Amino acid sequence: MQHDRPGSRPEEGGEQQIGGDAELNSQIRLLEDEVALLRRKLNESPQQVRLLEKRLAEASERVSQLTERNAKLTETLKEARSQLMALREEVDRLAQPPSGYGVFLHAYEDSTVDVFTSGRKMRVSVSPNVATEDLRLGQSVRLNEALTVVEAGAFEQTGEVCTFRELLPVDAVTRSPRALVLGHTDEERVVWVTEPLAESGLKAGDSVLVDSKAGYAYDLVPKAEVEDLVLEEVPDVGYNDIGGLGNQIEQIRDAVELPFLHSDLYVEYQLRPPKGVLLYGPPGCGKTLIAKAVANSLAKKVAASRGDDDGQAKSYFLNIKGPELLNKFVGETERHIRLIFQRAREKASEGTPVIVFFDEMDSIFRTRGSGVSSDVETTIVPQLLSEIDGVEGLENVIVIGASNREDMIDPAILRPGRLDVKIKIERPDAESAKDIFSKYLTRQLPIHEEDLKEFGGDQASCVEAMIQTTVERMYAETDENRFLEVTYANGDKEVLYFKDFNSGAMIQNIVDRAKKAAIKAVLETGQPGLRVQHLQDAIIDEFAENEDLPNTTNPDDWARISGKKGERIVYIRTLVSGKNQESGRAIDTATNTGQYL
């Protein structure tokens, strides 16, 4: 046992020595590799240094070259800037006044343009400050002394007013629109049309501003004075506001409302609706009121047929002021008539009823050839005839004329097919006068307590009695109501009373006088209320104001206007009592010259 242990220890020591040598050799090899790497890097370092030095030298050379080049560019930039300043000063100097003006006509690709200046057409150059592509045909341009376009201006605002007739085909070269216009002497001219005007929607008959020298039409001229002659409104007068004209209202409703509201029946029965209505009769009897009531009633009934509310009822009443329609310049009155019917067609195209009402129709549409110092009716009447015939295709337009002297209106207007329906508005009789009084003497008015006592305080009975008493006073054929004695050409004489000249307007005036007297009585006595005596006094005052009127004009013409037709009147004598009147004077009635008063 003791000999075996010493023999085993040398073997273990040898194994430990072999392991230590291997580890040492491994470390030696690592150190040798590191030494070799360091030697290799040491050998390569000079080459890298030389390469970097070479690159540095090249970079320094490039910096030097760029610095030199930058200096040259800076110098060149300074020279260019100085040249640019000089050119700018030159351009500004060229644009300095004095300058001329012209009209731009056409541009070319070589930056030259055609202009019209000083009465001639020229091709000139354009300043660099002006963009040729922004110039518009007909535009004003400013030219320097060298005839170079230096500035673009606006379009001309002055010139000759011409009437546009029609657009012509676009010019093949300039691609510019052209138009045919009529000058003030009706000579025809072909002019260029500026772009703004061409885009405005020109219509035949429009007035345009034209530079006759340059040959350009610039702008529309708003000649809207017809606005002052036409009252465009939806009337608020109903049939209930009109008294004493029941038969006439029924006639005009049959003539106007039936075709509008029952057009299908008219088509079924092949019945052509009337195109016009003539209301004739003495002044102040409700002709204009009836026309307004027709427009109001039409609007409401058309709205009801469509299912619209009454608040949406819509119609148009074009009230033409006849005498103001006349114009001293040839063709202006005809133009106004065309514009009126053009407006009527525009409104009617919306499906809205349109009534064109000519008041005092005899003043503008007299019989042709009846004028003494003027023959304007020879062109005005045909213009209206053509417009009325043109309304034939429009379902919503009707012409209503009113006149005191229907005998002076041209027969071509009154024939069937134009003003088909003729309705006479008579002076009110006693029953009609009561109806008219009831429109102004209502139960809501304050009545004097003494008058109310006679009827036991019954307001309605008292008002009715006041109306009855007033009408009896007005229509009584008594001496105090005698107005005129007329002598006819055959020698017959006739006494006319105030009732023969009564009208709705006179009745309204009498009621207004009575109301004013009642107000003055309240201020003086403190007792309110309208009395019968106020109405009686108003009748006397109204009659007294009218007594002098017959002596102011030719008796026969005056009688025709007042509604008295028949034998020619040669003598008038006033019979009003209580006034300082001459016994009468004879007035020779000249041959009817056709002049209105």
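Glycine is no exception: its Cβ is also placed from the backbone N, Cα and C atoms.
Positions annotated as compositional bias 'Basic and acidic residues' by Swiss-Prot: 1-12.
Positions annotated as region 'Disordered' by Swiss-Prot: 1-22.
The coiled coil feature in Swiss-Prot is assigned to 21-97.
In three-state terms derived from DSSP, GLY284 (ATP binding site) belongs to neither a helical nor a strand segment and is classed as coil. For GLY284, CYS285, GLY286, LYS287, THR288, LEU289, the entry in Swiss-Prot reads ATP binding site, with the evidence type sequence analysis.
Neighbours of LEU289 (ATP binding site), defined as other CB atoms within 10 A of its CB across all chains, total 22. Same-chain residues at least 6 positions away in sequence with a Cβ under 8 Å from that of THR288 (ATP binding site) are, in sequence order, ASN319, PHE357, ASP359, ALA402. Sequence-distant contacts of LYS287 (ATP binding site), defined as residues of its own chain at least six apart whose C-beta falls under 8 angstroms from its C-beta, comprise LEU279, TYR280, GLY281, ASP359, ALA402, ILE425. The record gives GLY284, CYS285, GLY286, LYS287, THR288, LEU289 for ATP. Within 8 Å of the mean position of their Cβ atoms, the other Cβ atoms in that chain belong to LEU279, GLY281, PRO283, ILE290, ALA402, ILE425, SER503, GLY504, ALA505. Long-range Cβ neighbours of GLY284 (ATP binding site) (same chain, at least 6 residues apart, Cβ-Cβ under 8 Å): SER503, GLY504, ALA505, MET506.
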